[in-house]
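As written in TrEMBL, here are the features:
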type	residues	note
DOMAIN	A:1-205	domain 'Heme-copper oxidase subunit III family profile'
TRANSMEM	A:28-52	transmembrane segment
TRANSMEM	A:64-87	transmembrane segment
TRANSMEM	A:99-119	transmembrane segment
TRANSMEM	A:139-163	transmembrane segment
TRANSMEM	A:184-204	transmembrane segment
Amino acid sequence: MTSHAEHVNGELPHEPEKATLEGRNKVLGFWLFLGGEAVLFGTLFATFLALRNQNNEGPTAGELFSLPITAVATLILLVSSLTSVFAIQAMHRHNVKSLINWLIVTVGLGLAFLGLEIYEFYEYIVHESFDMKTSAFSSAFYTLVGFHGAHVAFGVVWIGILIGQLYRKGLNVVTAPKVYVSAMYWHFIDVVWVFIFSVVYLLGKVA
Amino acid sequence: MTANQQSNEVTVKHRHRPEGPEKHILVFIFSIILTAIAFAAVMAGGVNATFAVILLLVMAVLQVFVQMGYWMHLKDKGHLMPILFMIGGFFVASTAIVMALFWVWW
């Protein structure tokens, strides 16, 4: 019996995340989860679209949103998606040092995005009197965008823990699927953000 | 005989050359351009609302397509089930969105 964490030759295969049945099943199962996430965000988008003009005499989307901040947040998240691609490519080259470095950059960009979002929400609540209870629009806005922000926060913690695990245990066929799946999650967060900046912020400025 | 051949196949070392970053940087540039078009159209102001909705949706869907295809590897071989999961998810999601848009304030 070969040890579970080692390849038959003692050498890591090219795509270590797909080397074991467990790894392949993890990736497949994660896709099923992402399908469920698409449904979750779809229903939150549906609620937001139904309620986006019900501002209850509070601020409207057109008055509230500042597109430069949204543009910066978009750029940060897009770059972080690219850096997690680089992390996976480093993993495929079996370069653990480079993998960890790219993951650290990804987590750092995620934290920058979160900081910007917290600043944005703080401005709305404190200076614009736009909180969760202001209107149906505000509730739908905070639920949708806040849920996405919570996903970013979860991803930051998750990838942060994986960085620690890579330090301690290195790259093997057990840790590789975890890193791969966390990168999929991170790309999915960016995909959801593409719809958020289009539907919530840009469309809010148009109509 | 066949069992022997199979075990030989497993131990053959595949010398893969890892793919370079070029494709992914192209996807990134493409995403930036699509995002810039969407932001520019809205920030310039004075765009027709219907035209803006269509433009924003097309830019978003194109960007999501290339990112899921290249960055999440959906265009690679052996991704039939993931594609079906995502189509299923997006189908239910779009049902909810159509319901909210056309029935809630009927």
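Our numbering is plain: 1 for the first residue shown, then up by one each step along the chain.
Placed from the backbone N, Cα and C atoms, the Cβ positions cover glycine too.
Automatic prediction, not curation, is the source of TrEMBL annotations.
Sequence-distant contacts of the transmembrane segment (A:139-163) (same chain, six or more residues past either end, CB-CB distance under 8 Å): 40-41, 44-45, 47-48, 50-52, 61, 77, 100, 103-104, 106-107, 110-111, 113-114, 117, 121, 131-133, 175, 178-179, 182, 185-186, 189, 192-193, 196, 200. Residues belonging to the domain 'Heme-copper oxidase subunit III family profile' (A:1-205) score a mean pLDDT of 94 in the model.
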